[in-house]
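**Student:** The ATP binding site feature in TrEMBL is assigned to A:37-39, A:43-49, A:Thr234, A:264-265, A:272-274. Annotation source TrEMBL lists domain 'Glutamyl/glutaminyl-tRNA synthetase class Ib catalytic' at A:30-340. Residues annotated as domain 'Glutamyl/glutaminyl-tRNA synthetase class Ib anti-codon binding' in TrEMBL: A:343-443. Summarising the annotation, TrEMBL assigns domain 'tRNA synthetases class I (E and Q) anti-codon binding' to A:460-537. Marked as motif ''HIGH' region' by TrEMBL: A:36-46. Positions annotated as motif ''KMSKS' region' by TrEMBL: A:271-275.
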Amino acid sequence: MAESNDTPSLDFIREIVARDQASGKHGGRVATRFPPEPNGYLHIGHAKAICLNFAIAAENEGGTCNLRFDDTNPAKEEVEYVDSIQEDVRWLGFDWEDRLYFASDYFERLYEFAEELTRKGHAYVCSLSAEETREYRGTLTEPGRNSPYRDRSVEENLDLFRRMRAGEFEDGAHVLRAKIDMASPNVTMRDPTIYRIRKATHHRTGDAWCIYPMYDFTHSLSDSIEGITQSLCTLEFEARRPLYNWVLEHLDVPSHPQQIEFARLNLSYTVLSKRKLLTLVNEGRVSGWDDPRMPTLSGMRRRGLTPEAIRTFCDRIGVAKRDSVVSVAQLEHAVREDLNLRSPRVMGVLNPLKVVIENYPEDQVEWLDAVNNPEDESAGTRKVPFSRELYIEQEDFREDPPKKFFRLTVGREVRLRYAYLVTCTSVIKDDQGNVIEIRCSYDPETKGGTAPDGRKVKSTMHWVSASHAVDAEIRLYDRLFNRENPNQVDVEGHDFHDNLNPDSLEILTGCKLEPSLAESRPGQRVQFERRGYFCEDIKDSKAGSLVFNRTVPLRDTWARIEKAGKQHG
RNA sequence: UGGGGUGUAGUCCAAUGGUAGGACAUGCGGCUCUGGACCGUAGAAUCGGGGUUCGAAUCCCUGCACCCCAGCCA
């Protein structure tokens, strides 16, 4: 897959893989996996893990990457999520071929492993309540105490465990625990629970089971069963690596993968936690998991980001072990870079201001040539209609132009893109003094946009012929949170909700688009010249009532100048 | 005060004892029928203190800061 020429050096994980390949540690194989829990939608943080795992497999001869659902908690998992996850991974551009796995497919084998562990005296059934278990576990600084059930005989453990499986006990009555060390300074090694009773219907196995294996037990064995060579996960699992290895060392397993941890992605001005994203969805702060403001892959897809841009972004941010927060500007850059090369240009006026070209014949219409993509000659040209009444952008006219404002003002000549040089002659205002229409004259000698006498204008503006315009709704998105780190709060009792940006969505109606957009279809990406990249909404847009989402605005030098001017007086 | 990790420009990532480099962001300039794109250019960093070495971001000692772990979640 996408090799990064930007970073010729290997990240620490690829270095390990290369070393293992050189030493033949895993018999020359490279097998990775992406192991999501189907309890939420995938987000950009998952994209980092997906790109990493699939890319490492692809970079190595014969390498494979599995998609495995870690579905061991029926209470939180749903088929809606397993479907969306597959759709998102595919959309991102990766193919797990026939290697779609579910931890739940291993339940029988996992159960047998658990019996094996019990038979070997490495696991026991503990009948402490959850609260008692916590008390016995000790604290970070004090060792735990052995459970009074720790020394049950193998026979009793086996009998109890089988009866747990048979459904003889209620939730919480017993658990199966690994017998390790209650005094370990690493609390995860203090006889961790590996099976619990949960009389719940599982989205795949239904009611076949009432006991479910815990993460550490399931994950290590699933990796082993699948012959994974490097098991990549995020930093918070680092302290569990001894347990991962312990499980594999105490059982007769097919292989012993190496767990390697890397830093999860954090992105500025958003949250990447399924739990937090779920609350935004459930509380109606956003329209759903695929709200274009969400950092989910489905949200980004709907907003118009491309999988290529996301992959490029993931390549560029690299992989390391230190906690970091990547600037969202980095993502936006990758998106603009990709969209710049591929998006057809089109003219659309977001906030229309009526213009009448007074010396242009009443009923005349000229169809002018417009370039579809200056970055791609093969994209060709199209015709746009020009007529006496037009719309331009409100912000492109100023009655009292500030310094460095090059656009239209009374008495100034500018170019209407692909059309003519026009000069503003007067303005019409309403009772409140707002400019509601401007009057211009055009120079018929400048058709196409160039003056025969060679005179220059400082500005070129986009426009749309009023009588030909197609109406549309345009949704402008801004950052979801107004703090770089939404989890940072100054006020006692506040949380990330209090950092939500109330202006993250602005809906514009009555926008005027050039008539070629009537042919647009949901999902179509375009650049509205001088405004940004937009994507026709895949849910709400219909022929006749178009809806476009702004993916990302164009870099706006003027906005920057103006802002700087205001700051410095 | 237990254990495990991590400290390099504003941000992300390199440099594996030998000129601290790239990308994003920012400033300036050029070009332009998008104030876009593109081109050029500038400023900007090794957590602190010791030590080893001809030479330290890298090795050693010490201190500091930050992150993770006490679910019958993953």
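Using N, Cα and C of the backbone, Cβ positions are placed for all residues, glycine too.
Bear in mind that TrEMBL entries carry predicted annotations, made automatically and left uncurated.
Neighbours and distances for these, please.
**Tutor:** Note: A:Thr234 (ATP binding site) has non-local neighbours A:Ala49, A:Glu261, A:Phe262, A:Ala263, A:Arg264, i.e. same-chain residues 6+ apart with C-beta under 8 A of its own C-beta.
Over the domain 'Glutamyl/glutaminyl-tRNA synthetase class Ib anti-codon binding' (A:343-443), the average per-residue pLDDT in this prediction is 97.
Among residues of the same chain six or more beyond the motif ''HIGH' region' (A:36-46), those with a C-beta under 8 A of the stretch's C-beta atoms are 69-71, 73, 76-79, 81-82, 84-85, 88-89, 203, 264-267, 272, 274-275, 277-278, 289-290, 294-298, 300, 310, 313, 331.
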**Student:** So which residues does the motif ''KMSKS' region' (A:271-275) touch in its own chain, when a touch means Cβ under 8 Å and the partner is 6 or more beyond its ends?
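**Tutor:** Same-chain residues near the motif ''KMSKS' region' (A:271-275) but 6 or more away: 39-41, 43-45, 264-265, 295, 481, 486-487, 496.
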**Student:** Using DSSP and three states only, what is A:Asn39 (ATP binding site)?
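**Tutor:** SS state of A:Asn39 (ATP binding site) = coil.
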**Student:** With DSSP as the yardstick, break the domain 'Glutamyl/glutaminyl-tRNA synthetase class Ib anti-codon binding' (A:343-443) down into helix, strand and coil residue counts.
**Tutor:** 6 helix, 51 strand, 44 coil
**Student:** Could you break down the residues of the domain 'tRNA synthetases class I (E and Q) anti-codon binding' (A:460-537) into DSSP helix, strand and coil, giving a count for each?
**Tutor:** 9 helix, 32 strand, 37 coil
**Student:** Under 8 Å Cβ to Cβ from A:Ile44 (ATP binding site), same chain, six or more residues apart: give me those in sequence order, or none if nothing qualifies.
**Tutor:** A:Leu265, A:Leu267, A:Leu272, A:Pro295, A:Thr296, A:Leu297, A:Met300, A:Ile310, A:Phe313, A:Leu331
**Student:** What is the number of residues in the motif ''KMSKS' region' (A:271-275) that are helix, strand and coil, as DSSP sees it?
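**Tutor:** Secondary-structure breakdown of the motif ''KMSKS' region' (A:271-275): 2 helix, 0 strand, 3 coil.
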